[in-house]
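Undergrad: Annotation comment: TrEMBL describes 12-31, 43-65, 86-114, 168-186, 207-228, 240-263, 357-378, 426-449, 470-489, 517-543 as transmembrane segment. The annotation Na(+) binding site is assigned in TrEMBL to A22, V23, N27, S214, N246, L365, S369.
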Amino acid sequence: MEKTRPLWANPLQFVFACISYAVGLGNVWRFPYLCQMYGGGSFLVPYIIMLIVEGMPLLYLELAVGQRMRQGSIGAWRTISPYLRGVGVASVVVSFFLSMYYNVINAWAFWYLFHSFQDPLPWSVCPLNGNRTGYDEECEKASSTQYFWYRKTLNISPSIQENGSVQWEPALCLILAWLVVYLCILRGTESTGKLEQLANPKAWINAATQIFFSLGLGFGSLIAFASYNEPSNNCQKHAIIVSLINSCTSIFASIVTFSIYGFKATFNYENCLNKVILLLTNTFDLEDGFVTTNNLEQVKIDLASAYPDKYSEVFPQIKNCSLESELSTAVQGTGLAFIVYTEAIKNMEVSQLWSVLYFFMLLMLGIGSMLGNTAAILTPLTDSKVISSHLPKEAIAGLVCLINCAVGMVFTMESGNYWFDIFNDYAATLSLLLIVLVETVAVCYVYGLRRFESDLQSMTGRSLNWYWKIMWAGVSPLLIISLLIFYLSDYILTGTLQYQAWDASQGQLVTKDYPTYALAFIGLLVASSTMCIPLVALGTFVLHRLKHGDTAPVA
């Protein structure tokens, strides 16, 4: 007899698993950045609209497919049509790519967490130079937080062409991160402001993209989670709950982030003013307390008039302090998580405590998302009778984690951060849009919307209302096609792809063109997942023609 499929102990476990997967690092380091770039609170208008017309419908669709088919992504889409097995394969490939680099973020979080118990925090001050006569030159030109990130954590090379060696401390943290993920897997299913920005099409595009990726659509994780539900589970209600909690978390994270931005900006602005005051006081032998923040600009005018030659000599050292420019600096990704936040934390009272809490939070977010990513890989593998008949689930999980950890060592090299950015920017974007588009079309027009509606009614006892039908059959697919066209045209119009490289001599990032082999790798990365859909369909067609002549496979 076929082995009984394990089930969640109760619906609440399923909801928490979906929330843990959906609420990830993007809520902390991507959504606040988009709010700042596109008008602050006004960005919520396109964001909420996209949540209604894209996020909730597509999340419900994936949960319903998983719950109905009771299989992982490959088996679920093969059940709908043998030609669609490639959709599941593409999802597994994208999830594998994501797992390879995503857990590196958890490794960095472990690294910072371990250093958070030092007093003072190691990123709060610049180290001394070799002869101990002053501070390290690279650190002085950058900042202590940038120096700790780029030099002490990454030991980054000047360009992607210079690979360097594996850094053993981040490598050990990566092994620890994968060990934690593996131990969690073993516990099994039962545990786991400016309104004119509204006219900017990029605000709507980015709102749609943020909704799409923050919910984790297309990876197969949601299908995997839902496949362990009771058939009668109310996945419609759970889709709405998960969507709303995910969005509320993003908004709450933005409030916290903007508070940190304000604290950091004010501190840096006041620190800049004090440095200028000290410079003028020492250069012109002024009385202590004569120059204040209130009369600084007037004193500068008077000194320039009274001592023009001397003032012109010191002028290049006088920084232009601006609170507005400090507040307008928009950062996302690792720059926000490991530089901006740490710079704010180092200036807080009891900074070690806040640092420990912050990086522990990052770990919880990252590991929760990693468990969802690995579930998207493991569920189709354990569902396969060929694989599961030879290997137990523990061995399959161990092999997946081991392979990912081994490949992930690339990201701990001196050039690893550049390869991390390549995977982060190109491994999933176009692939997931295409996957979810095919999923939506497959359910509505291959399997049949009426047939799927009938299945849901027989499972849950509830009829499908007009809202879900309209979104699935028309609005959501058209929106995804629009996103695909936007990204493809953006890539074409951009020309040669570029990346940000760290220049130690300047203590800042500089823009460089990707070398030819990196561009070829980016193309291969995108094609390796997207081409799974047509190639598997073609292979299925050829095999059936060879076996049965002209007879084509049917769902």
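Each Cβ is built from the backbone N, Cα and C atoms, and glycine gets one as well.
Note that this is a predicted model, so its numbers are computed, not measured.
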Undergrad: What residues in the same chain, six or more past the boundaries of the transmembrane segment (426-449), come closer than 8 Å to it by Cβ-Cβ distance?
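TA: Result: 58, 61-62, 65, 77, 80-81, 84, 87, 90-91, 93-94, 97-98, 101, 209, 212-213, 217-219, 469, 472-473, 476-477, 480-481, 483-484, 487-488, 522, 525-526, 529-530, 533, 555.
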Undergrad: Are there any residues in the same chain, six or more apart in sequence, whose C-beta is under 8 angstroms from the C-beta of A22 (Na(+) binding site), and if so which?
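TA: Long-range Cβ contacts: S214, L215, G216, V242, I245, N246, G372.
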Undergrad: Hey, does the transmembrane segment (168-186) touch the transmembrane segment (12-31), meaning at least 3 C-beta pairs closer than 8 angstroms, sequence gap 6 or more?
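TA: Judged by the Cβ rule, the two regions do not touch, with the required three close pairs absent.
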Undergrad: So if I draw a 10 Å sphere around the Cβ of V23 (Na(+) binding site), how many other Cβ atoms end up inside it?
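TA: There are 25 such Cβ atoms around V23 (Na(+) binding site).
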Undergrad: Need a quick answer: max count of Cβ pairs under 8 Å to the transmembrane segment (517-543), which of 43-65, 86-114, 207-228, 470-489 is it?
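TA: Going through each listed stretch, the top one turns out to be 86-114.
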Undergrad: Select the range from 43-65, 86-114, 168-186, 207-228, 240-263 that forms the most Cβ-Cβ pairs under 8 Å with the transmembrane segment (470-489).
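TA: Most Cβ pairs under 8 Å with the transmembrane segment (470-489) come from 43-65.
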Undergrad: Report the listed stretch (43-65, 168-186, 240-263, 357-378) having the maximum count of Cβ pairs within less than 8 Å of the transmembrane segment (86-114).
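TA: Of the candidates 43-65, 168-186, 240-263, 357-378, 357-378 scores highest.
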Undergrad: Within the chain of N27 (Na(+) binding site), which residues six or more apart in sequence place their C-beta under 8 angstroms from its C-beta?
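TA: Sequence-distant Cβ neighbours: S214, N246, T249, S250, A253, L365.
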Undergrad: Around S369 (Na(+) binding site), which residues of its chain at least 6 apart sit with Cβ under 8 Å of its Cβ?
TA: S20, Y21, G24, L25, Y102, G216
Undergrad: Please give the sequence-distant neighbours of the transmembrane segment (240-263): residues at least 6 beyond its ends with Cβ less than 8 Å from one of its Cβ atoms.
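TA: Residues 15, 18-19, 22-23, 27-28, 31-32, 35-36, 44, 47-48, 51, 55-56, 59-60, 210-211, 214-215, 327, 336, 340-341, 344, 347-348 contact the transmembrane segment (240-263) from elsewhere in the chain.
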Undergrad: How many other Cβ atoms are found within 10 Å of the Cβ atom of S214 (Na(+) binding site), counting all protein chains shown?
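TA: Within a 10 Å radius of the Cβ of S214 (Na(+) binding site) lie 23 other Cβ atoms.
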Undergrad: Can you name every residue in this chain, apart from A22, V23, N27, S214, N246, L365, S369, with its Cβ inside 8 Å of the center of the Cβ atoms of the recorded Na(+) site?
TA: I19, Y21, G24, L25, G26, L215, G216, T249, S250, G368
Undergrad: State the count of C-beta atoms found within 10 angstroms of the C-beta of L365 (Na(+) binding site), not counting that atom itself.
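TA: Taking every protein chain into account, the count is 23.
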Undergrad: When a 10 Å sphere is centred on the Cβ of N246 (Na(+) binding site), how many other Cβ atoms does it contain?
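TA: Other Cβ atoms within 10 Å of N246 (Na(+) binding site): 25.
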